[in-house]
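Annotated features in Swiss-Prot:
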- 12-32: transmembrane segment (TRANSMEM)
- 62-82: transmembrane segment (TRANSMEM)
- 97-117: transmembrane segment (TRANSMEM)
- 128-148: transmembrane segment (TRANSMEM)
- 157-177: transmembrane segment (TRANSMEM)
- 184-204: transmembrane segment (TRANSMEM)
- 220-240: transmembrane segment (TRANSMEM)
- 260-280: transmembrane segment (TRANSMEM)
- 282-302: transmembrane segment (TRANSMEM)
- 305-325: transmembrane segment (TRANSMEM)
- 331-351: transmembrane segment (TRANSMEM)
- 365-385: transmembrane segment (TRANSMEM)
Amino acid sequence: MNNIVHKLKTLVLNEAFGGVLLIVCTLLALLVQNGSFSEHYREFLNLKVGFSVGEFELNKPFLLWINDGLISIFFFAIGLELKKEFLHGDFKNPKNIVLPFMAALGGILIPAMLFALVNIGDAYTLKGWAIPTATDTAFALAILMMCGKHIPSSLKIFLLSLAIFDDVGAILIIAIFYTTKLSIVAFVVAGIAILAMLILNLLGITRKSFYFICSVILWISVLKSGVHATLAGIITAFFIPMQTKNGEAFLEEIYESLKFWLAFVILPLFAFANAGVNLSNIDIGAVFSGVSIGIFLGLFVGKQVGVFLFSYLVIRFKFAALPQGSNLKQLYGVCILTGIGFTMSLFIDGLAYEVSDIFNYADNLAILIASFCSGIWGFIYLKFFAARS
């Protein structure tokens with residue numbers, strides 16, 4: 001009996017199995033949204049959930065709690081893993097930061113340029129230039145994990161590092177180009193929460209409850225500031241101490257405790273809530289519009305070309321080195337996966353075009369097709385053409 005339980009636990013904690021579950025939830029969301037349960041699906045996502053303390057009230061749809069709340073925990077975990085790499089891993093050398101930073105920059109500039117070239121002359125459609133610049137880290141990482149031992153672990157760290165810069169870029173784009181109102185008061189409160197965590201860290205305090213309270217205050221203030229709340233998860237991670245005063249692995253303990261919830265609750269729920277695009281309303285005739293073509297070219301072509309080109313240049317001119325144990329073929333495979341814009345691209349699409357059906361949902365279809373093509377081609381390439389010998 002114990003042997004069976006052990007095997008089940010091993011399967012459940014297997015990252016590749018988690019990736020499969022993520023894809024299943026994506027397909028399930030598409031089926032539900034386009035089936036007889038579509039109304040219940042929308043009611044579930046629009047259900048208001050909230051709380052109030054005195055005059056303060058936070059009452060938002062369930063979808064927001066998933067996208068801005070639960071997914072912040074995902075970015076918190078990414079931040080924890082990156083901190084380990086910065087302090088004890090490859091990124092202890094500042095030179096190793098150059099590659100993911102430049103890769104992310106290429107993954108923003110080239111897709112935006114392609115979209116702009118296709119839609120030049122139309123001021124309204126050009127508002128969507130940032131749609132193909134995004135990468136859905138959760139899905140890209142899930143596909144990468146499904147490749148198993150075919151690629152070195154250093155490429156996983158490269159993708160995570162690239163994703164941080166990519167997300168920061170997306171947040172800056174949203175804040176500068178798609179945010180109409182920013183709250184200075186909320187920024188001040190966020191600064192106080194960050195200062196409190198810095199003091200806790202410097203004093204070597206490892207009470208989880210203290211960091212939890214500060215992180216909640218930070219999350220709420222970032223949410224109210226007008227900036228995407230997921231940034232709070234990344235910031236919080238950087239202030240978690242590596243170990244207790246007794247030398248126990250504090251950060252590692254927190255990271256390990258999150259693995260199960262991330263792989264089998266948070267990320268599947270995130271996929272189910274965001275992948276439900278209504279395909280019945282899509283006008284096939286609009287599929288070949290400038291917006292759709294720009295999005296597809298930006299995500300499927302622009303992302304992989306931009307990320308790989310900028311990566312190759314900094315490696316070629318010796319400003320950076322390839323991730324340890326990898327080669328250019330494997331690096332290119334990871335670059336393909338950055339074209340999975342999916343939920344983040346859908347999010348920016350909603351900000352860029354306030355009228356959701358202005359293009360008869362062809363823009364949403366373009367995001368789905370480009371993301372699926374990037375995921376499928378990236379998986380096939382990494383699994384069969386770039387396998388480690």
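Any Cβ shown, glycine's included, is placed from N, Cα and C.
The highest tally of CB pairs under 8 A with the transmembrane segment (282-302), across 62-82, 128-148, 220-240, 365-385, is held by 365-385. Same-chain residues lying 6+ beyond the ends of the transmembrane segment (97-117) with a Cβ under 8 Å from its Cβ atoms: 91, 126, 128-133, 135, 158, 161-166, 169, 173, 294-295, 297-299, 301-303, 305-311, 313-315, 319-321, 323, 335, 338.
Recorded stretches compared: 157-177, 220-240, 331-351; the one with the most Cβ pairs under 8 Å to the transmembrane segment (128-148) is 331-351. Against the transmembrane segment (220-240), the recorded stretches 62-82, 157-177, 184-204, 305-325, 365-385 differ in Cβ pairs under 8 Å, and the greatest number is found for 62-82.
Counting same-chain residues at least six beyond the ends of the transmembrane segment (157-177), those with a Cβ under 8 angstroms from any Cβ of the stretch are 75, 78-79, 81-82, 85, 89-91, 97, 99-101, 103-105, 107-108, 130, 133-135, 137, 140-141, 144, 226-228, 230-231, 234, 307, 323, 326, 331, 334, 337-338, 344, 348, 351. Residues 12-13, 15, 18, 21-30, 32-34, 38, 41, 45, 62-63, 66-67, 70-71, 73-74, 77, 138-139, 142, 342-343, 346, 361, 364-365, 368 of the same chain, all 6+ positions outside the transmembrane segment (260-280), place their C-beta atoms under 8 angstroms from a C-beta of that stretch. For the transmembrane segment (305-325), same-chain residues at least 6 beyond its ends with a Cβ under 8 Å from one of its own Cβ atoms are 90, 95-96, 98-99, 102-111, 152, 154-155, 157-158, 162, 331-332, 335, 338, 388. Long-range contacts of the transmembrane segment (62-82) within the same chain: residues 44-49, 91, 137-138, 157, 160-161, 163-164, 167, 215, 219, 223, 228-238, 240, 251, 254-255, 258-259, 261-262, 266-267, 269-270, 273-274, 343, 347, each at least 6 residues beyond the stretch ends and with a Cβ under 8 Å from a Cβ of the stretch. If one looks beyond the transmembrane segment (184-204) by at least 6 residues along the same chain, the residues whose Cβ comes under 8 Å of a Cβ in the stretch are 210-211, 214-215, 217-218, 221-226, 232, 235-236, 239-241, 244-245.
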